[in-house]
Amino acid sequence: MAKLTESMTNVLEGDSMDQDVESPVAIHQPKLPKQARDDLPRHISRDRTKRKIQRYVRKDGKCNVHHGNVRETYRYLTDIFTTLVDLKWRFNLLIFVMVYTVTWLFFGMIWWLIAYIRGDMDHIEDPSWTPCVTNLNGFVSAFLFSIETETTIGYGYRVITDKCPEGIILLLIQSVLGSIVNAFMVGCMFVKISQPKKRAETLVFSTHAVISMRDGKLCLMFRVGDLRNSHIVEASIRAKLIKSKQTSEGEFIPLNQTDINVGYYTGDDRLSLVSPLIISHEINQQSPFWEISKAQLPKEELEIVVILEGMVEATGMTCQARSSYITSEILWGYRFTPVLTLEDGFYEVDYNSFHETYETSTPSLSAKELAELASRAELPLSWSVSSKLNQHAELETEEEEKNLEEQTERNGDVANLENESKV
């Protein structure tokens, strides 16, 4: 009984060493994202503007995401062609040279073994002996014959004879495998050379996005341009808002993606990128910027990712260019400087002013607050809110002046009546 009690006590107290040995399953707590660990609980740190915003997509278009703890690495080998194409140039060239060198050495060794087993090495000076390959007297000559066979050079000094069936079979195998290696490696190099990644470097985005009034509506705008004379065919643009989100159930979504409408329903997202264009997003009730004002914008932790896609006119391959804007790169109350001018018989684009902006009169209220003010004043939203507010202020000033004049006239009438009564 005492032993049973002692054993139960040990189980309840928990011997860590015994648990490590006997427990077959290790329970791992889920690891929260770093941003979730920083934000929970939220009331601990309210000053979120001092933290540096981590980019999801860098300005040069590269995604700032690293894949770690990938255990199923065999999946990269199942798609070996894409894996080789995605490698850096130095590794790609190294593999290119190594593959050819290894195949030449491998088949050169087999040719030497055939000659050695047949005894050709012992009858080099015997004119009556018919070797498998003439003038093959060592491993170096076998290696050279392997290169000549696979690359179909055929100098004619070393020739296979018809008295060697195993050599004929090896010749067929090396010819077929050599063609496969050539097709694979040359195709890999061709695809890597013809990739349109470099074409995306001549597609430029403005360094800043701006928010200002356009046609009486508050809009978010950025500019895109193409530096080449050969154009992008079927160009289209998309924009997404990357922002952390916490659901009503308490779930934290660190990189929640929300679509930003840049003309999908009207067809304005289809671009003719002959000259730089300003892409506009109307801030309405469906916009994620509906409730964001000028004062609130610097406090937001968000990122706008813009994606420009199209086909390269010269090759017909699909090209994609990316960029992003964080809150510090969104200017409220600014517009882009015009870059297109009419010269003698042609239009000229001045890319020196491509990134330049100038300040303009823009309400500091959010689009929601502007809509509420417009509805109270019974003004249609399509009108210029700022101008209508100015007109409303002018009307109030005119009414005050009229009231003042009427009051002055009344005071004058009263004074005249008093004078007449005295008389």
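Note: Cβ is positioned from N, Cα and C throughout, glycine not excepted.
These figures come from a predicted structure and were not determined experimentally.
What Swiss-Prot records for this protein:
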| type | residues | note |
| --- | --- | --- |
| MOD_RES | S16 | phosphoserine |
| MOD_RES | S23 | phosphoserine |
| TRANSMEM | 90-114 | transmembrane segment |
| TOPO_DOM | 115-138 | topological domain 'Extracellular' |
| INTRAMEM | 139-150 | intramembrane segment |
| INTRAMEM | 151-157 | intramembrane segment |
| MOTIF | 152-157 | motif 'Selectivity filter' |
| TOPO_DOM | 158-166 | topological domain 'Extracellular' |
| TRANSMEM | 167-188 | transmembrane segment |
| REGION | 390-423 | region 'Disordered' |
| MOTIF | 420-423 | motif 'PDZ-binding' |
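Remote same-chain partners of the motif 'Selectivity filter' (152-157), defined as residues 6 or more beyond its termini with a Cβ less than 8 Å from a stretch Cβ, comprise 135. Beyond the ends of the topological domain 'Extracellular' (115-138), by six or more residues, the same chain brings 145, 157-161, 163-164, 166-167 to within a C-beta distance below 8 angstroms of the stretch.
Listed as Cβ neighbours of the topological domain 'Extracellular' (158-166) (distance under 8 Å, sequence separation of 6 or more from its ends, same chain) are residues 114, 118, 130-136, 141, 144-145, 148. According to DSSP, the topological domain 'Extracellular' (115-138) comprises 8 helix, 1 strand, 15 coil. As a whole-number mean, the pLDDT of the topological domain 'Extracellular' (158-166) in this prediction is 90.
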